[in-house]
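Step one of this worksheet: look at the structure below.
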Amino acid sequence: MASILRQIVAGPRARHPEAGLDLCYVTDSIVATFVPPSGPSQTYPQRAYRNPLDQLVAFLDSKHGQDWAIWEFRAEGTGYPDEAVYGRIRHYPWPDHHPPPFRLVPLIMASMRNWLHGGSLEGGPCSSDEAGKAAGRRVAVVHCKAGKGRSGTVTCSYLISEAGWTAEAALARFTERRMRPKFGAGVSIPSQLRWIGYVDRWTRHGKKYVDCAVEIVELHVWGLRNGVRVDVEGYVEDGRVIRVFHTFPRHERLVVTAGAPVGDGVGQAIWDLAGYPATSAADAAPEAADLAEATNKPLQEEEDKEKNDERPSLPDRPGTEPPGQLGTRHKLMRKGTDLMQRVSPTTADGPKQSQPSDAPSESTTTTRVEPPEEPEPGGMAVIFRPEEPIRLPTGDVNVSVERRNKSSKSIGLTMVTAVAHVWFNAFFEGQGPERNGAPADSGVFTIDWEAMDGIKGSSRKGGRALDRLAVVWRLASDAPRPEEIVEPAEEPGE
C-alpha cells in the first residue's frame, strides 16, 4: 500500500526501479529526488507516501558509501535535521516556482563541482580518497519540493557550465530522466528556462557576473484589461524571500489609448486557474518561452511515435465533441461556466465597440469603454510611471500581474481571473556577458502574455490580463560599487 501511495504522489515524475523511491539518475553523478512539503519524512502518516528518509539514506549508502551529498533549494525548509544525512548537505534556498537569485548560481556550481571532483563540501582541499573519485562513485543529490523546477534548473545549469553540455541537450536529458513519458517537461516554467539561457551565456563568456541595484523607470503595456493590479518585486534576505517593492496606484497609470480589450469569459478563466484547462495536454513549457523546444523535445518525440495510432481521439475543447461523446469533465465545465455567468452581471465587460476605421483589417480584438469609476482602468496602450524610480537591491526583477473581476454590487463577489509574472535579470538583458562584464546602463525587457509564468509553476494563467509588457529599467547610478560574483576556483587535491 505504501508503494502505491508513493507512486500516486510522485505523479508525473519517474521512479527508480531498484530503489522504489521517487528519484532518478540524470547522469551517473547527479541524482534528482522528490521531497514534498515536509521533506523526506521520518514520521507517519507521511512515511506512507513520501520518500522515507531512512530508506533514501540507506539506498545512497549502499550505492555510494560516503561519496554522496545533498544540495537542497527549499526556502520552505527541508523538514529534517542536517544530522539525519550525516551533515553532508548544502543549503541554497529560494522560493518555489521561481528562478534562483543569479548571484547564487556561481556558488552552487562551484560547490557541486568541488564535491564531484573529490573536494570537501566546505570548498577546501580534497578529503576523499582518490580511488573513490576514480571509480566515479561521488554523486550530488539535488532536491527541492518536487525535484523538478528548482532541481532541474540547477542540474541543467551544472551540465552546461561544468560538463560542457549545450542548453538544449541538458534540458532534453532532464526531461527524459526525470519525467514519465507524456507527463510534461522537466523544466517548464518560462522564467527558469530564461535563467538556463542566462547560464549558457554566462558560461560561454568567461563566467563573469556583476550584481548591482536596478531602478524600474516605467512599464509599457499593450492590450491591458480592466481590473489588473501590477506589482514590481525582487529578492531579499539572500533570496529566501520575494518582496513587493511597489504596487502601481491609479494615478501612476496613464491610459495612452483607451478601449480596454474584453477579457476571456469568467467561467473559463476560473476553470483554467483551478487546473481544468481547455486542453488536456501534459504541462509542457509554453511555445513562446525561451528554450521551450528543447525541454519539450521528448514530449514531441512521444507524440510523433503515436502519429500512426488509429485509435479515435476525443477533441480537446468542450463544445466540439461528436454527439454522444461529451466527457464528464466538459459537462461539469459547462455547468460551472453557466452558473458563473448567471451570477455575473451582463455588463461586467461593458458594451463592445467596433474597431476604428483605420485599424488593421486583420485585427479581431474587441474593446470596451471603461466605466468612469474603474479603479484599475485598462486600455490598448497604458504606461505605468512611478513617482520615483522603483529601486531593487539586485539585478533580479519580477513583474507580477493579477486581474480581478467584480460581480454586481448586490452580490458583492470579486474573483481572481488572471495571474501571471515574469522574471528577468538586468545584467543579462543589458548584454553583460557579451560586453565583458559591463552591461548597458539601461534597457527595455519585453515579453508577450503567452511567455509569462503561470500560477504555481504551471502554464495556467486564467484569462488574459494583457497582450504585451515592456519594462524600462536602468542601473542605479548612486548605488555602491557593483559586486562581481566570482565562481570560486577549484581547490587542488592533497
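All positions are counted from 1 along the displayed chain.
Using the three backbone atoms N, Cα and C, a Cβ is placed for every residue, glycine included.
The domain 'Phosphatase tensin-type' annotation in TrEMBL covers 12-206. Per-residue pLDDT, averaged across the domain 'Phosphatase tensin-type' (12-206), gives 84.
According to DSSP, the domain 'Tyrosine specific protein phosphatases' (130-178) comprises 30 helix, 5 strand, 14 coil. Among the features that TrEMBL reports, domain 'Tyrosine specific protein phosphatases' is placed at 130-178.
Residues or ranges marked as compositional bias 'Low complexity' in TrEMBL: 284-295 (among others).
The region 'Disordered' annotation in TrEMBL covers 284-388.
The compositional bias 'Basic and acidic residues' annotation in TrEMBL covers 305-314.
Sequence annotations record features per position, and here TrEMBL assigns compositional bias 'Polar residues' to 343-358.
Here TrEMBL flags 360-369 (among others) as compositional bias 'Low complexity'.
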Secondary structure composition of the compositional bias 'Low complexity' (284-295) [DSSP: H/G/I, E/B, coil]: 4 helix, 0 strand, 8 coil
